[in-house]
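Residues or ranges marked as ATP binding site by Swiss-Prot on the basis of sequence analysis: 23, 24, 25, 26, 27.
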């Protein structure tokens with residue numbers, strides 16, 4: 001039963017990460033697994049579970065502040081292409097995404113669909 005609870009927790013972490021960020025599910029899953037493993041190890045060694053929870057919450061707050069303070073807006077077509085290329089692992093895809101975003105604007109919507117036709 002504990003394994004199922006853990007698996008459901010990790011599934012929920014991955015789903016929430018995908019819903020909010022659209023990326024980073026592997027990182028979120030690895031972090032969740034490490035938090036559970038180390039949390040259980042500390043509780044087994046006598047740590048207070050509520051103290052651990054408070055410590056994790058403080059760490060999350062600090063990390064969030066640090067990330068937000070170092071974040072940079074992506075504004076130019078070149079920045080979009082570079083960022084999308086890194087995310088996709090392919091600069092040509094990054095260039096296509098930047099071109100599509102340039103055409104639809106900041107408030108536009110881009111829909112990507114799978115195709116059975118090669119090259120289209």
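FYI, residue positions are counted from 1 along the chain as it appears here.
Keep in mind that glycine also has a Cβ here, set from the backbone N, Cα and C atoms.
Overlay of Swiss-Prot feature records on the structure.
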residue	record	contacts (Cβ under 8 Å, 6+ apart)
23	ATP binding site	17, 87
24	ATP binding site	17
25	ATP binding site	14, 17, 18
26	ATP binding site	none
27	ATP binding site	17
Tell me, by DSSP, whether residue 27 (ATP binding site) is helix, strand or coil?
helix
